[in-house]
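Here is the structure we will look at.
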Amino acid sequence: MDADTAMDMEIGDGSSSYSSSKRLGIKNTIQTNFGDDYVFQIASSQEISTLAVSLSTNTIKLYSPATGQYFGECKGHSGTIHEISFSIPSSAHVICSCSSDGTVRAWDTRTFKQVSTLRAGSSQEVFSFSFGGSSGNLLAGGCNAQILFWDWRNGKQVACLEESHMDDVTQVRFIPEKQNKLISSSVDGLLCLFDTDGQIDDDNHLESVDYFVDCHYSKVDDRLWVIGGTGSGTLGYFPISHEPLGVIGSPEAILEGGHAGVVRTVLPASSSHGGLASAKGVFGWTGGEDGRLCCWLSDDSIGADRSWISSALIMKSQKARSRTRHHPY
C-alpha cells in the first residue's frame, strides 16, 4: 500500500464522521475593509440590534446583525484595540473599548461620537476591562503588570494594583454573580482573585504564590499556616482550616518590601524560640537569595527601633492597610 492510498483511506474514514454533523451554510458576508486589515473582535448588545466589529485599523465599525447594513464607524484610538464590549451600566447604546494607546473610551453608537475617555498613562497599554463592584460603576483595566480601577461616574482613578502581576495583565473580569470579586490573568502565568469591597489595594490580595517556604504551627492557638512567596520577595501566611479539612484560606499576614528575590527561610518569633521572642513586637526573621536577612515588626510596633534589614533598601511609601501587614526598616 503506497502513501497516496493510505491518505485516501484516512480521508475516507474521517468523512464518515462528518456526514452525521450538522451542515451550516453562509447567509451573508460583509467586507469590513478593502486593504490588508483584519477583524479583531465582534461584540453585540442584547438590548439594541447592533453588531460592533473592531479592526486592525484602530476603528470600530457598526452593522445590523440581521441585514448586514453598515451604520457607521467610531474612530479615535491611535493604537491596537484589544477589547470592545456593550457593558456600561444603564447605557445600552454605548460601547466601550480599550487600546494600546493607554485609553479606555466610550462611544455612542447612535452618533458614532466619543463620549468619555479614561487614561491609564502614556507608558501603559490597556488590554482588557470589566465593569463591576457593589454599585456596578467600578471599572477595572488590565495594563502592563498593573490593574487600574476607575469610578465610571466621575472618571477618577481610585486604585492601582502593581504588585500582584509581573507581566501584561491580559484579562480582567468581575464575577457575574459576585460583582465585588475580580479575576485577573497575566502573561506571567498567574490567575488572581481580588475582593474589591472596601479599600482596593495589593494588601487585599495574595491568592497566588510561586512557591512555598515553610509551615508554622501555633500551639497556643492550635492553628497551622503555610508560608508562600513570590519571585519578587513578598511572603504570605495562609491559614489551613480544620473545617473543611485542608482548605487554604486568604493570607492573614503579608510580609512585603524587604526582599527582592526568592525567600528561602522563615523564623517566626514564637514562644518556642525563647529569648528571641522576648523582643516586643518582633514578628519574625527571613532570609533569601538576595543575601538579605530581614527582621519584621508588627504594624502596632512600626515605630520601634528593633526592626532592621541587613542591606540598604529603598522602602516604598507607607500606605493605609486594612489587613495585617509587616515591614522591615
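The backbone N, Cα and C atoms fix where each Cβ goes, and this holds for glycine too.
Predicted automatically and left uncurated, TrEMBL annotations should be read as such.
The feature region 'Disordered', as given by TrEMBL for the ranges 1-20, 41-60, 101-120, 241-260, sits at 1-20. The list of residues near the repeat 'WD' (74-117) in space but at least 6 beyond its ends in sequence, with Cβ under 8 angstroms from a Cβ of it, reads 40-41, 43-48, 50, 52, 54-56, 58-62, 123-131, 136-137, 139, 141, 143, 150, 152, 155.
Mapped onto DSSP classes, the repeat 'WD' (74-117) shows 0 helix, 24 strand, 20 coil. Across the repeat 'WD' (74-117), the prediction's mean pLDDT works out to 94.
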